[in-house]
């Protein structure tokens, strides 16, 4: 089942729908605050606690959490930034009988709970408040954020003001974009979701493990999918993509090159092909991957033209993205730009949200976009999108993008539609990186793909 990711507007709509159905704001706040207290207790244990409460509903959640933590016997103090004027937050403040001080007067505690400002913040904290939050966070042993760390843009993941790094973020109903989009995601720490009784409906979903059945008894190498990779000036990159396609389950991997190269794994068939169009006419080919190590010049242009004219499903990566220009592939295609490539090929797409940029690029190109990074977005031309969780930082090494391109080609060759193929490959790529551990090579990553199927 897809896990929705709610924007600030979608979260407001979900809350309003629950309220219209008879759930009171007070009950939603009570559930949220209890969930924060429970998560903080389990995470940090019974230690002295300072809860920072803002004047809105996020602060109301904080007052409720403070009450439940105090009921467990913890030493709890609230530091307030303004007073709730009315509504559920004011009621929660009235019920809290423990100490309340101004944030300027607050003394650091081992556990800091940030309930200043949560979902929907449109501007940063003023300099003095941001500095005070940082000071109290630096002095705490454990830092817990309520819904989102204060100072984060919910929808874009941007930092509207300096934001400390938290150990735990307790959010409600489901994830928000900033939990997965950088740089905010790196400030959230572990994320716990609390069910407060609202139904989450969203246009964006979190990436999840794909359902990839193993080959059946009637399958053979061609029904499992034939991938053709087009090599170029840097043959190692093309071979990495081919190796990844094989380890991602392709039944037959063909690497087309303009001249003989060094030996490769026996499972990869290398063929010298001066005429790529003729080589790609093989009807058994299910997907073509072009771009890794392709280079530039007339040979590269001719190879890309052959791939575009072949009618095969395409993975367009690396150098081929730059050569593509404004052309829209007519066959099903997946484009795999990292940040620099995205800016080069879509220079006027400057929307604040990475998700919105990916969707715009997909609609314009008519292809599925894998917008790579620590917060990879997969977007389809029809607006569907998924957001991957924080990737292994060890993926920042040469060749890992080539591995992803090969994995996408394997998924296309086995018959998956481009959006499903891209989602599956991104998940496999991330999981292989997780299993590979530290300081792995791209070759290691490619071989790890087999373990994740």
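Cβ coordinates are placed from backbone N, Cα and C, and glycine is handled just like the others.
Predicted-model confidence for the domain 'YjeF N-terminal' (11-204) is 97, expressed as mean pLDDT. Marked as domain 'YjeF N-terminal' by TrEMBL: 11-204.
Taken from TrEMBL, the feature (6S)-NADPHX binding site applies to 57-61, 118-124, 147, 237, 293, 338, 402. Same-chain residues at least 6 positions away in sequence with a Cβ under 8 Å from that of residue 122 ((6S)-NADPHX binding site) are, in sequence order, 153, 160.
Taking Cβ-Cβ distances under 8 Å and a sequence gap of 6 or more within the same chain, the neighbours of residue 58 (K(+) binding site) are 115, 116, 117, 118, 119, 146, 147. What TrEMBL lists as K(+) binding site is 58, 114, 150.
Summarising the annotation, TrEMBL assigns domain 'YjeF C-terminal' to 204-453.
The AMP binding site annotation in TrEMBL covers 372, 373, 374, 375, 376, 401. Around the Cβ of residue 372 (AMP binding site), a 10 Å sphere holds 24 further Cβ atoms from the protein chains shown.
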Collapsed DSSP category at residue 375 (AMP binding site):
coil
Once the chains shown are all counted, how many other Cβ atoms turn up within 10 Å of the Cβ of residue 57 ((6S)-NADPHX binding site)?
24
Check: same-chain CB within 8 A of AMP site center, minus 372, 373, 374, 375, 376, 401:
338, 339, 371, 388, 391, 395
Quick one: what's DSSP say for residue 114 (K(+) binding site), helix, strand or coil?
strand
Neighbouring binding-site residues, C-alpha within 10 angstroms of residue 338 ((6S)-NADPHX binding site) - of 150, 372, 373, 375:
372, 373
Between residue 150 (K(+) binding site) and residue 376 (AMP binding site): CA-CA distance (Å):
24
Looking at the binding-site residues 119, 150, which one has the fewest other Cβ atoms within 10 Å of its own Cβ?
119
